Structures are given as structure tokens and as C-alpha cells.
Amino acid sequence: MNVNKDLQNERNKCSFNVRELTEFIDGGKNRTLERKHIEKLILAQKDELFGGTPEDYLSHKEKYERAIQTNVIILKIVQDFMRDANGGDLTNYRDVLTTLLNFVVSREGTPFALHFMMFLPVFLSQADEEQQMEWLPRAWNCNIIGSYAQTELGHGTFIRGLETTATYDAATKEFVLHSPTVTSYKWWPGALGHTANYCVVVAQLHTKGQCHGIHSFIVQVRDEETHMPLAGIRVGEIGAKMGLNMINNGFIGFNHVRIPRRHLLMKHAQVLEDGTYVKSRNSKLNYGAMVFVRVVIVFDSVNYLSKAVTIATRFAAVRRQSQLKANEPECQIIDFLTQQHKLFIGIATCHALKMTATKLWDTFNEVQQQLRGGNLERLPELHALACCLKAVSTADTAALAEGGRRACGGHGYMRSSGLPQTCAVLDAACTFEGDNTVLLLQTARFLVKVWRGLDTLKLTPTVAYLRTTLTEGFNDKWENTVEGIIKGFQTVSMRKISECVSCMAKRIMSGMSQEEAWNMTSVQLVAAAESHCRVIIISYFHEEFVKVSSSFSPALRRVMKLLVELYTLYWALDKLQDLLKYTSISRTDTEQLQERYEDTLNALRPDAVGLVDAFDIMDEILQSTLGAYDGRVYERLMEEALKSPLNAEPVNRSFHQYLKPLMQGKL
């Protein structure tokens, strides 16, 4: 391989073993070997998967058809591998899903995502044992493809306001699904446009003249043989979007569609044959699927950010522009501290969020085990944690990917760079599966409840610091260490939550209702929830590094420690206003933090390319002229430009039809 000289020099001076870090990122040597094996299987079908007209020059319809073709190939490879690796067992849907998402060929997403992200998890969390036995085997094997329809044209996050109805008819033992208005049409479900033939539909359950709120129903949407929509169902695709167009988002409406009684998912609540409603012992038991999908979103956001920083960092090593000193050659733009400031925090964030998401996944499994034993104690904490982590991680990765795109200058605006599509995906993640502001307010509601019960409640692990910080009092002695900064963030979070509660109390005393006081304090509440989440991410990143660092070689331990310090220092400086307001940090301390941050950037500079190489994203998946492993940036830009259909002929017919008459005054 002919590699750009500057890029090769960067690799030559890397201080650590890149493969060691790759294996840590993957979750172990065996995981890396498994991924490499799947890559080999994918590359064996390279022509089918990556050949033909570039995606950017296909029509919307052609893009979808290619997405189905390529994703079926990828899915088959992943499923066959997982079956072989797990003795025929395909039920580890998280592994199947994350592997599938890692190998999405289209930069516009995969129409199979929601099948694994929502359809299967909802069945596992809401269907009873008999329903799971009936439906799950077919769903695991993709004999049926499912979607999840909750959001409507007129309602998103306020799910209690959903208009779709499911009315039980005791005479026929059926539910009648109906969309009474245009605003009640389901809107946005992935794969629903033309891919899925089944769907979990969230609707208001009515029986014996009473509404019992939203419940989930399994509904067949299309005929299994012909794929035609069933009678009474109006279904289609919602049209082109800013990005993720191959998710195949759809709409669906129901005109008095009848489904069997047993198509209500009945793990927690039931409707008996005579129409009697049996209430769930706890409505929050349905949180499981949403927690799962939000964990996956964090992992997927890291996946996309790792692509963005790989592209931007390699480009920064290849691109030479301006001079650091007079009479010297143009330098690599990665030598500019401003460039390091834009890019290195993205690398650190990938590691911080991945470690945090892994910890959240472990917590999710722990709480699931407790739920099976009837212990619901940590369920609200888990929900609050998943909400804020989804919100903060998607906002951060979107901002950092966009920063990386801008750091590439005009070339980053080229679709062939892969950055515009990556940024569009991360922007979308800020709103799908829960608007970030609403999610932070849900976390804030949990924090307010905890604060009000601080003297009497048994605190769960992620909020235990609130009592400790309050008991120890104001953070009088500031320490310019990672541990000291974490304590400072804990103080900020505690003080913000306290102020929110006090502010609401004053407003209620002045005559406001609880709801009005909450709304008037909502900006502060969002900020408090974000501060709490910063505590969680920085703490987990530091704690998990300490746990695993002994297994690293000294060289890798040094670099990973620098990433932890960089991440902590970056956010301390970014949130300096909060630290100055709520802690005893001094001006001298802030100057030292700034100096340490700049020194840390400089210390990471020689290992920057090695750090992104460790993400080990093959060129066929990265699909970037700026970020390919060989660094042939300018050659690849020209090669891609020549693929434009406009370059197939030297003169376009529009010249003779329109331009020439204009130029010659003959219009």
C-alpha cells in the first residue's frame, strides 16, 4: 500500500501498541478476531456491497433498493457468524445489533435497525411467555421484520396524548385499531415505509367504556407472501430527510382494523376475554425497552464519532497549510494547538462515553435481574440515568463531529469526505427516541424527588454523592486533580439541584401551581440534570480507567491517563462559570487548569494518529476521501469527483438548450 509520507511518519512515532488499544476498545482479543473475521467475510463480497454507482448519485428509490440488497447480505453474514459462534443461539440481540450497526454499508443507515433496537426488546420486556414463544423465534431469524410505532404526526414525547385507539370488542374477542384524525397517524417508525411486515403499535386501550392509557399491540401490516398492505391499513414512507434516509421511516394509519385479543402484549397488563382489565403492578416496568434503546444510541453515537475523528485527525496529519515559523515549510495542520483542541477531545469522548455506556449496560442487566425478583428499587434511577446519558452523549457527539467537519475546512463539506452524512446522523440522534430537553427534564424530576427525600431515602449509587457532598459541606479546598475536579462537579450538581428545589418552592409560595413553578424553573432543571450527567460520565471514565489500567502496558497506560485528564480538564474549563459560582476554585487554579490542558494536548500530539487507528475502521465502512488509511487525500478527492455523472461528457445538453441562447442574445 502506498501510504502518504506524513501519515506514515505519524504512525512511526506512535508510543504505544495500536493493536493493544484496539483489543481493549473491542472488548478483548477474541472480539477483535471475531470482528476481523466478519470483515473478511464482508470483503469477500466487496463487489456486491461496495461496487456500482456511488450512492450520492443514485435516486432516492435506487438508494433504498441498494440498501435492502446490501443490508440483507450483511445481516446474513452477521447472523451466520453469530449462530456459529454461539452454537445456533441468536438471542443475544445486542451483539447482533451492535455488530450490524458497525458494518452499515450505506452512510444513510440501515432499515433493519429498529427491528433489533425496538421491536425485539419491546417483545422481551412486554410480551408474556406464551407470546414470546409464538413470535420471537421468527423475529430472531428475521422471518418477519418488525417496526415500532409510537410517535404520531401530532404527538411525540407526550405519549399520554397519543390519539390512536384500540377498543376491545368482547363479542368477537378482538381489538379494533383506529386512527381518528390525520394527526393520529403514526409517523417516523423506522423500516415501516416498505420494509417491515409487522409492527408494535402503541395505542390508547379502551374496554368496557373506559380508557386505560397507552399499551402495546402486535399488528401485521403487510401480507407475508405479497408484502401488500392489509385491508384497512394505509402505510408508506414519509419522504426525504436531512440524513438517515435508508432507515425507511414510515407512516401508518388504521381504519377500524381488527386484531386478536392476544395481540395485546400482556406481560404486565391484561384484558380478559370478557373485557375485564387487569392492571400492571407497576407502570414503570415498561421502561426496559426504552432503556435498552438509549444504551444502544450511546454506543452508536460513539461509533459515528469515532468515524468523524478518524477522518478529521488523519486529514489533519496529511494537510499542510501555513507556517508556524517564518522561512519554514508549510506545517501539518495537526501541529496547530487550535486543531488539537478541536479534535483530541473527540477522541477522549469516544472512550469516556463507551466506558460509561458499558457501565450503564451492566447496570441495566443488574436491575433487570432485580426486577425478576420483584425488587423495583433501582428502576427510577436506571430510567433517569439512561435519559440523561442519551441526551448528553448525543449532544456532545453531534457537536464534536461538526467541529471535526469544520476543522477539515472546505474539503469537510464534500460528501465524499463522509463527514456531512456522519454529522446528519448524529444530529438526528438528538431528537429520535426522546427529545434531549424532555429527557433531561425526566432526569431532573428524579433528582428533585431524591433531593426532597435526602434525609429519609435510601440513595441509589448514582445519586449517593448528593448526600456525601452536602454532609461534607461546600467544597472549601479546591484540588487541581482529576479527583478534585470530580468533587467540584459533584458540588455544582448538588447546588444546582438544591437551587431548583428552592426556586420552585418560592414560586409555589407566591401562588404558582406546581406545574407553573416547574415550567418556570425548567431551564435551571435542564442545566442541573446535565451537571449530574457530567458527574456520572467523568466519574465513570476515571473509575473504569483505574480499574483496567493495571492490564495495560506502561505506554498505553500513559496515553489513556492523558485522555482521562484531557476529558476532565476540557469540561472543567468549559463549565468554568459553574465552578466559579459554586466552588472555591480560584483565578490561579483556573490559569493552572488552562496550562495543564494545553500541555496535555501537546503530550497527546505524537499519538493522535495511533489513537484513531486503534478504532480500526476499515476504509470500506469509513467511506471517506479524507480519512482513508493510506492518506491519499487529494488523489481520492479527484477520483471521486470524476465519478460525478456530470463529468461523463464534456458539454452538458443544457448548454445548447439554455446557456448558448442566453450568451448569444437569442432568447
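Note that Cβ sites are derived from N, Cα and C of the backbone, with glycine treated the same way.
Copied over from TrEMBL:
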- 17-145: domain 'Acyl-coenzyme A oxidase N-terminal' (DOMAIN)
- Thr151, Gly190: FAD binding site (BINDING)
- 287-448: domain 'Acyl-CoA oxidase C-alpha1' (DOMAIN)
- Glu433: active site, proton acceptor (ACT_SITE)
- 482-664: domain 'Acyl-CoA oxidase C-terminal' (DOMAIN)
### Query
Do any residues at least six apart in sequence from Glu433 (active site, proton acceptor), in the same chain, have a Cβ closer than 8 Å to its Cβ, and if so which, in order?
Met290, Val293, Arg294, Ile297, Lys390
### Query
So for Gly190 (FAD binding site), how many other CB atoms are inside 10 Å of its CB?
27
### Query
Which residues, sitting 6 or more apart from Thr151 (FAD binding site) on the same chain, put a CB under 8 Å from its CB?
Lys186, Trp187, Trp188, Pro189
### Summary
DSSP composition of the domain 'Acyl-coenzyme A oxidase N-terminal' (17-145), residue counts helix/strand/coil, works out to 94 helix, 0 strand, 35 coil
### Message
Averaged over the domain 'Acyl-CoA oxidase C-terminal' (482-664), what pLDDT does the predicted model reach?
### Response
96
